[in-house]
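Visitor: I have a structure here, written as structure tokens, and I will follow up with some questions on it.
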Amino acid sequence: MPALPVSEVFGPTIQGEGPYAGRSAWFVRLGGCNLSCSWCDSAYTWDAQRFDLRREIPMTPVEEVLAQVPSSSLVVVTGGEPLLHQNRPAWRALCNGLRARRCTLHVETNGTIVPNETTRGCVQTFVVSPKLANAGVHRGNIDPALRTGWVEVAESGNAHLKVVCASTDDVAGALEIARTTGWPLSQVWVMPEGTTAQELNGRWRAIADAAAHAGINATHRLHILAWQDCRGH
């Protein structure tokens, strides 16, 4: 029976960020990540030094995951870095199972792994979050840069860039990524860094103003405003 390392399946909730912010959604959070961002709010999916990963991300049969998700839902597969698993039979089983249940599938990714044909055939929207210097130094000095193959996905209209910003300098960094790669500016989003309403609101005005002047989009983190940094939302 195909299985994946699953941290949690939760919903109904809302998508709190990006182009579909406010939409009712279910989330499937997978374990494992090839980066190690200093501000990561889901380090329990990959940080073995601080968490017991055998307990946090147990191997879970895909059938059990599918059984928890209502048909015709918006399902967001996130992590960690979910595309680490895209060459596994269990990933194909998950994608095909969600499609059979008439679900709309979104994937949140850090942009270091380009989706294969199977993944692109099943996913309606990718939200790609390349990391800036504010994410710190990653394990093994892995290069967090956006891989060039993503631009083709963006040009098809199926991918949005979403960059976490601690300052207006980071908004400029996000704009530079978009211009360097040729990413459509209408599909670029910047979001304040923070895991509390106070942190987010403290950065929101400056980030939103910089985004507006740059001709790109700004997104808040609505789930933090509603439920704080509470797992399961």
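Placed from the backbone N, Cα and C atoms, the Cβ positions cover glycine too.
In case it helps, TrEMBL gives these features for our protein:
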type	residues	note
BINDING	I14, Q15, G16, R29, T78	substrate binding site
DOMAIN	20-229	domain 'Radical SAM core'
BINDING	C33, C37, C40	[4Fe-4S] cluster binding site
BINDING	W39, C40, D41, G80, S129, P130, K131	S-adenosyl-L-methionine binding site
BINDING	S42	Mg(2+) binding site
Visitor: Looking at the binding-site residues G16, R29, S129, which ones sit with their CA no more than 10 Å from the CA of S42 (Mg(2+) binding site)?
Guide: R29
Visitor: In Å, how large is the greatest distance between any two Cα atoms among I14, Q15, G16, R29, T78, the listed binders of substrate?
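Guide: About 15 Å separates the two most distant Cα atoms.
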Visitor: Can you tell which of the binding-site residues G16, R29, C40 lies nearest to P130 (S-adenosyl-L-methionine binding site) in space, using Cα positions?
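Guide: Considering only the listed binding-site residues, the nearest one is C40.
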Visitor: Around the C-beta of S129 (S-adenosyl-L-methionine binding site), how many further C-beta atoms are within 10 angstroms, looking at every protein chain?
Guide: 22
Visitor: By a 10 A CB contact count over all chains shown, which of the binding-site residues listed here is most packed: G16, P130?
Guide: P130
Visitor: Give me the long-range Cβ neighbours of R29 (substrate binding site): same chain, 6+ apart, Cβ under 8 Å, in sequence order.
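Guide: Non-local contacts for R29 (substrate binding site): V6, S7, E8, V9, F10, S42, T45, T78, G79, G80.
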Visitor: Among W39, C40, D41, G80, S129, P130, K131, the annotated S-adenosyl-L-methionine contacts, find the widest CA pair distance and round it to a whole Å.
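Guide: Pairwise Cα check on W39, C40, D41, G80, S129, P130, K131 gives a maximum of 16 Å.
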Visitor: Can you tell me the CA-to-CA distance separating D41 (S-adenosyl-L-methionine binding site) and C33 ([4Fe-4S] cluster binding site), as a whole number of Å?
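Guide: That comes out at 13 Å between the alpha carbons.
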Visitor: Round to a whole number and give the Cα-to-Cα distance in Å for the pair K131 (S-adenosyl-L-methionine binding site) and Q15 (substrate binding site).
Guide: 20
Visitor: Hey, how far is C33 ([4Fe-4S] cluster binding site) from I14 (substrate binding site), Cα to Cα, in Å?
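Guide: So the Cα of I14 (substrate binding site) lies 24 Å away from that of C33 ([4Fe-4S] cluster binding site).
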